[in-house]
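Record features (Swiss-Prot):
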- 5-69: domain 'J' (DOMAIN)
- 129-211: zinc finger (ZN_FING)
- CYS142, CYS145, CYS199, CYS202: Zn(2+) 1 binding site (BINDING)
- 142-149: repeat 'CXXCXGXG motif' (REPEAT)
- CYS159, CYS162, CYS185, CYS188: Zn(2+) 2 binding site (BINDING)
- 159-166: repeat 'CXXCXGXG motif' (REPEAT)
- 185-192: repeat 'CXXCXGXG motif' (REPEAT)
- 199-206: repeat 'CXXCXGXG motif' (REPEAT)
Amino acid sequence: MSKRDYYEVLGVDRNASVEEVKKAYRKLARKYHPDVNKEEDAEAKFKEVKEAYDTLSDPQKKARYDQFGHADPNQGFGGAGASGDFGGFSDIFDMFFGGGGGRRNPNAPRQGDDLQYTMTLEFKEAVFGKETEIEIPREETCGTCHGSGAKPGTKPDTCSHCGGSGQLNVEQNTPFGRVVNRRVCNYCEGTGKIIKQKCATCSGKGKVRKRKKINIQVPAGIDNGQQLRVAGQGEAGANGGPPGDLYVVFQVKPHEFFERDGEDIYCEVPLTFPQVALGDEIEVPTLTGKVKLKIPAGTQTGTSFRLRGKGVPNVHGRGQGDQHVQVRVVTPKNLTENEKELMREFAGMSGGRPEEQNDGFFDKLRRAFKGD
């Protein structure tokens, strides 16, 4: 099945800014998050949205995608080699020019692979940060042979077939004459070493797989999809090389009352008709507790109030966002006869047409409810 266009997945224009891409991603991530959306295809859609965001939010990846689409020539090549339709061309190219490139020392120190760990956070955990411990499976240097793969007291021998280079020169006859093609040595598997007496602990691999507990300090203000690099906590390196890094990717659960956009928090409070018409002082929940908010007389539904400094702290420690409180007027469903009579009286005073409800509208309302 062919992949959908990333711009189509996020519903953004090809000239969309990073901020627009981020906003679209947050909206869709909340919609398809498996913890919220229980539909069968929600998880697949969530992953599709995440994949599109990872590409379009990175300037270099976006540039490659804009040029090549899903047929990026950088994909499909690397440590594992090319595959599929490129295989035939690769073989021909190797035949005339020699595969494998220049000589590399197979025993040179090599950095270990990076690891990725996905951590799910509650909404407020992402806002305020937390210290936690995770456990990950990873390869570590064998403590018995110290990475050599050989039994203690012995050492690996240099491969006699490739002379320690890890590569063999293979001569081939072609229509253009005899050519030399360089291949990985199949005797030492490219390591340049032969281990006759293997370490019993790691079976000659030089590495063992263990579960490692790592302390993680989640920074306050971390957002959905962001990642934290933990240096040196990836897979073990080879031949004395440094370990890779661990990247912790965060998924933040939605909140039942608050919504987040960057460092700002949004919420909606229901108010009665008399509250917005006459004015009131209400208590509004914030991330740090309740605060009082004055509702001016005549407030319209949809009006938004800003609570400065009540949002999310900047993940880099540069200030804090605001909280936006939007008013929603709730229409009463079960009125008493007395309340209905008051509303009829008010309707008669106001005229019932919006164009007639001028500056004296709320004065009439006050009189109706106060019995003046």
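Cβ atoms are placed via backbone N, Cα and C, with glycine included.
Counting same-chain residues at least six beyond the ends of the repeat 'CXXCXGXG motif' (142-149), those with a Cβ under 8 angstroms from any Cβ of the stretch are 155-156, 193, 195, 198-202, 204-208, 236, 238-240.
Looking at CYS145, CYS159, CYS188, the binding-site residues in this record, the fewest other C-beta atoms within 10 angstroms of the C-beta turn up around CYS159. Proximity of CYS162 (Zn(2+) 2 binding site) to non-local residues of its own chain (separation of 6 or more, Cβ distance below 8 Å) is seen for LEU168, CYS185, TYR187, CYS188, GLY192, given in sequence order.
Cα spacing between CYS145 (Zn(2+) 1 binding site) and CYS159 (Zn(2+) 2 binding site): 19 Å, rounded to the nearest whole number. Per Cα geometry, CYS199 is the residue among the binding-site residues CYS142, CYS199, CYS202 nearest to CYS159 (Zn(2+) 2 binding site). Taking the mean position of the Cβ atoms of CYS159, CYS162, CYS185, CYS188 as the Zn(2+) 2 site, the remaining residues of that chain whose Cβ falls within 8 Å of it are SER160, HIS161, GLY163, GLY164, SER165, GLY166, GLN167, LEU168, TYR187, GLU189, GLY190, THR191, GLY192, LYS193, ILE194. Apart from CYS142, CYS145, CYS199, CYS202, the residues listed for Zn(2+) 1, the same chain places the Cβ atoms of GLY143, THR144, HIS146, GLY147, SER148, GLY149, ALA150, LYS198, ALA200, THR201, SER203, GLY204, LYS205, GLY206, LYS207, VAL208 within 8 Å of the centroid of those Cβ atoms.
For CYS202 (Zn(2+) 1 binding site), other Cβ atoms within 10 Å of its Cβ number 22.
Taking a C-beta cut-off of under 8 angstroms and a sequence separation of 6 or more, CYS142 (Zn(2+) 1 binding site) has the following same-chain neighbours: GLY149, CYS199, THR201, CYS202, LYS205, GLY206, LYS207, VAL208.
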